[in-house]
Amino acid sequence: MAIILPDLPYAYDALEPHIDAETMTLHHDKHHATYVANANAALEKHPEIGEDLEALLADVSQIPEDIRQAVINNGGGHLNHALFWELMSPEETQISQELSEDINATFGSFEDFKAAFTAAATGRFGSGWAWLVVNAEGKLEVLSTANQDTPIMEGKKPILGLDVWEHAYYLNYRNVRPNYIKAFFEIINWNKVNELYQAAKA
């Protein structure tokens, strides 16, 4: 059973004007599809390790060395993007009271969290991701990862993530990454974030 490219949970133009349809089409149909194809090609070389990417990336030492980086790059790329699509919504959603209180306790206020997340996304040199995670101690934490590395590799559970590779925003925002980050906060699917938060804390 090969890894499958998931459908977008909304139309390509559903997130406009924040993310344009052309960007969504290229991002999903080309970039994400390539990660899926390359992850499958790598895993086919070692069928004995299976296809559970979350389990494999939680302990990359178990991935045979000849495909390890390919699985990190492409398996991570698939997991990150499959989550990313679900973390956005054209519908207005609300953060849960429990998560809101945890954010306030951890960062001081929602605005302080937003500033920390924005700093992580803006400060990531080159390509990568910004994340809100639940760490091994059950605490919220903001961090960024390079390339397609996933917080799962650090034993952390991502509940919100933003792709800051240029392919995610360049058509619409050119080199002004902060405007893209600001737009992202307008389309966050808090229903999904709340769900991931509850699962991570369980």
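A Cβ is built for glycine as well, from the same backbone N, Cα and C atoms used for every other residue.
Around His167 (Fe(3+) binding site), a 10 Å sphere centred on its CB holds 13 further CB atoms from the protein chains shown. DSSP classifies His167 (Fe(3+) binding site) as helix under the three-state reduction. As annotated by Swiss-Prot, Fe(3+) binding site applies to His27, His81, Asp163, His167, with the evidence given as similarity to another entry.
What Swiss-Prot records for His27, His81, Asp163, His167 is Mn(2+) binding site. His27 (Fe(3+) binding site) counts 23 other C-beta atoms within 10 Å of its own C-beta, drawing on all protein chains shown.
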### Additional residues surrounding Mn(2+), by Cβ distance to the His27, His81, Asp163, His167 centre under 8 Å
His28, His31, His32, Phe84, Trp165, Ala168
### Spatial neighbours of His81 (Fe(3+) binding site) that are distant in sequence (at least 6 apart) but have CB under 8 A
His27, His28, His31, His32, Tyr35, Asp163
